[in-house]
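Below you'll find the structure, written out as structure tokens, and then a few comments.
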């Protein structure tokens, strides 16, 4: 019915309906194929119902699905990047808020242009990443068992939440602390005039570095589920963890000020021991179930 209505509309408005007819046929075939093999619609994936796939997919069908999901992922990514380019001035103003009162200079003719494109690209990737992860899950989950799906879904959701919390922590705590240190350190000697491009490289590296550091509990849970490292072992090596957190904090922090490194190292320690505690809880629940 929807297919016939599409053709009727195209005839009414005298469009080139032959091309649309071909596209509609292909689209209808894809929907039929998807519902035949996955038992549900695109928006509510079959995999969330935890049922077994009744029909095995051939290699050609797998490749077709990969192509479709890659196409939609790339389309959403491109759309988000273009949208961020359109509203890049608003994004730039938001990233400039932690450095209120600082004057930015452009040392090259195209510095602002290329820096704004870079900011828009990172922002577009960040915004489109949930959809891309969703498409990957729709492709991977049907081939997994019920227990594997129950394990993977909370980990993926938790990872995305922690990544967002890392960005928030970096923007509201780490970035202001680091900038205040640099501003006050030489305020009585020099007047701060910062390079526009170097400032945004500093901000982006610090934000994404903090977001990656927040993935530590997810990594610990994966190691615990795979029984590579137990929760007790994670707690037993706490001395090495303190040393390693200091090194990681120094590496992920683009600045050399001790305050930012201490803050990041402290949050890494909190995340590590929180992840180790979660691993112990999971191990205890698995023993009770057995």
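In case you wondered, yes, glycine gets a Cβ from its N, Cα and C as well.
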Would you please say which range out of 71-91, 92-112, 176-196 has the annotation transmembrane segment in Swiss-Prot?
71-91
Report, as numbers and ranges, which residues of the same chain sit near the transmembrane segment (202-222): CB under 8 Å and 6 or more residues beyond its ends.
95, 98, 118-119, 122, 155, 158-159, 162-167, 169-171, 174-175, 178, 229, 234, 248, 252-255, 260, 264, 267-268, 271-272, 274-276, 278-279, 282
Chain residues outside the transmembrane segment (234-254) and at least six past its termini with a C-beta under 8 angstroms from it
174, 178, 201-202, 205-206, 209-210, 212-213, 220, 260-262, 264-265, 268-269, 272-273, 275-276, 279
